[in-house]
Amino acid sequence: MAEVGPGRVTVSRLGRGLRLGHRRPQTWEISDSDGEGVPAREVGTQAPSPAGERRAAAKALRADQVLGRLVVCVDPAVLEDAGSDILMEALGTLGCECRIEPQHQARSLQWNVVRPDPAPSNVPLEAKAENEQEQLLLLEPQEFLQGAAQLTQITDPPCSIPWLSPKSLTRSHLAVIGLDAYLWSHQLSSQKTWQLKKSKEAHARGAISWAEVEEILVLLQLHANLDVLLMASWQELSQYVCAFTRALSQLPSKQHRDSQAFSFCTAGHWASGQQVTRDGSGLRGVWWRQIRQFNRVSPAVADAVVTAFPSPRLLQQALLDCSTEQERLSLLADLPVKAHKGKQPRRVGPDLSRRICIFLTTTNPDLLLDLSS
């Protein structure tokens, strides 16, 4: 017993308690203390509250959070160009992860998003599906012109794109650096016509003009939904890649925001408009709001017009019944407006009467209603 430290301490405590005549409380037993620890552990493992889940979901959708989970995969062939250092330096300062990995297509960049672990249950997928991932393919000017020359020989809309694999599941974009400088360096005489170097097995030497290049750009945009970015330098390409990466980080929050109903459409009062039931109750309130949309119209003036003519159809019919144009323009001018205590009674006035009359009777969409504007 002397060698067992905990046992010796327990016995001495019990002995002192018995000698002093104190009764040991029953909660001193080990079984009771174990029972008290179970609820404490259960409290720590309780499911998070709905408010906590909403906060976690909102935080996970923030652009800075998504940007930290973005992974830009760069093909090693991109690094063979001397200007690629500018691109890699820009990606390094952006805040996302950059990986050098072989891609399905050489000289390409691909964007992926890593889900948070663990991910909140009500957080939508911030990354697009795998078959909708974004890819940027870098092309040399000569490579782009060779593919463009093939497209110029096709009369029907292209079924396949020369630079892209038909089995590719990514949404691709093309980027050509220095195309304009390349074309100018291969200019013939005074026209913008440049020779395309082709292999011996291909067709004979052909030529393509800048106008044909522009037609190819339109063709790719309309029929293949393919964007072609013409960059002057690697610096310009780096700026585009950074802007595109930031846009991808903002996309989840925008998609989630657009998928949610506006609060004022369902629960708001001031912006939800006037509720109209099937039996027509509420139409008078809509008519009152329409009168209030005119410039310099107070609620009391709108009340006077709506009281005299509870619907726009009744007012329009009264305007048609007027025999002269002057009578029509001044139909509402003498309507009394309820005045507050201590103020002089007033009328709607000829200006508002004229504006409402023109609004309901004119067929000229360019007619100016408010002469003072």
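Positions of Cβ are set from backbone N, Cα and C atoms, glycine also.
What Swiss-Prot records for this protein:
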REGION    24-52  region 'Disordered'
REGION    47-260  region 'Nuclease-like domain'
REGION    282-373  region 'Helix-hairpin-helix (2HhH)'
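Mean pLDDT of the predicted structure over the region 'Helix-hairpin-helix (2HhH)' (282-373): 89. Across the region 'Helix-hairpin-helix (2HhH)' (282-373), DSSP assigns 47 helix, 4 strand, 41 coil.
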